[in-house]
Amino acid sequence: MKPPSLPLLLLLLHLSATISAAPSLSPTPSPTTSPIPPHKPSSSSSPLDPKQLKALESLNIPTVKDPCNHRPTTKSTSSSVVTCDTSSPFRLVTSISFTNCSTDLSISTTALRALSPSLTSLSFLNCPSLSPPPRLPDSLHSFTAVSSFLRRRNGLSGVFLARLVNLTDLTVSSVPVSTSGLFVILGNMHEIVSLTISHANLSGNIPKSFHSNLTFIDLSDNLLKGSIPTSITLLSNLKSLNLSKNTISGDIPDSIGDLISLKNLSLSSNKLSGPIPDSISSIPELTHLDLSGNQLNGTIPRFISKMKYLTHLNLANNAFHGVLPFNASFIKNLEVFKIGGNSDLCYNHSVLSSKMKLGIAQCDKHGLPLSPPPQKEDSNSDYDYGNEDDTSEKKKEEHHGPNKVVLGVAIGLSSLVFLIIFMILLAKWCG
């Protein structure tokens, strides 16, 4: 009997081509991770001061091993980090940071007295059930309290904080502060450099004067009222000013331009009115400008597009009018740009594309909005080139998806046709 060489050969060739055309799945290599070197305690010839060692024990800080080299293994459990100096004959504690404090922790005056005067930094993070001690050491240069001391309704008092006259860094956030005014706290802090009192129910007016050493001020999310004092512009070293989420009113002072070291200016969610002062153009390295959620009016000044270091610009939800004076290249260079919620503001369609989704209407030939834009800025109206690219890529994937399905069906049908032809030829040959 003569074998069916031709049909069989055709079938084998076709099946071989089909298999080779199918996508191959190579085994995924197992991920490799470089081993993390174990923490090596720093060697020191001096033991820790016995009185301070006893003080750490009373604060529930482990002392079986050297507490100065102890580091917590997880972030979810109660932990403490102690830093010591290298003095002799005994080392001394310089810094303690408590995180997720246990409910049985108590900060005694006796322990703090033993740790003073070497203790210069004290931090409490997420210690809501903790009660503040009657007094903190005068030696402190840095004090931090975040989401802590919430057992009392009043949290921390202004007098309690005002005693820390040697502070250079004060951070109080999500902790109520009861005081008749910010000046009570800052009056004698002549060395203060960084000041944060945010989300603290702080009320009253902004002080008319600040200490000249300040480089960072964050008084956001409080109940501060009144106007921005012109004297704040005497802070020539100030790099960041955040007064957002208060009830501050009045104009932005023209002298704001005297803050020549400023990089971040956040005045959002207040009751500020008037135009954007031209003096802001005198701040050479401003990178973050947020004036959203106010009652600012007038036209948006052209000088903003000349600020070469600007990366974040939010002017949303104000009362600006006229034609937006920015071109596409300026907007593309910004990481964040929000302009919606200005019903009388519009853009020139010959300069900017509608695809940019700015949240404002297109201008007519008279420079007026063609249609009413959204009343409030929507988070989806941010101009983001990255999102636009992602969308186009998804469209490409959706476009190419059906082609792969059609190709698979065609290969399957052709295989079936060859099989039928082979069976017919085989039947004829056998017959």
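Backbone N, Cα and C atoms are what each Cβ position is placed from, and that goes for glycine too.
Here's what Swiss-Prot has on this protein:
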- 261-283: repeat 'LRR 5' (REPEAT)
- 309-332: repeat 'LRR 7' (REPEAT)
- 1-21: signal peptide (SIGNAL)
- 22-404: topological domain 'Extracellular' (TOPO_DOM)
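For the repeat 'LRR 7' (309-332), the predicted model reports an average pLDDT of 96.
Only residues 6 or more beyond the boundaries of the repeat 'LRR 7' (309-332), in the same chain, are considered here, and those with a CB under 8 A from a CB of the stretch are 263, 268, 284-302, 338-342, 344-348, 351-353, 356, 358-360, 363, 367, 376-377, 383, 385. Across the repeat 'LRR 7' (309-332), DSSP helix (H, G, I), strand (E, B) and coil residues number 5 helix, 8 strand, 11 coil.
Look at the repeat 'LRR 5' (261-283): DSSP puts its residues at 5 helix, 7 strand, 11 coil.
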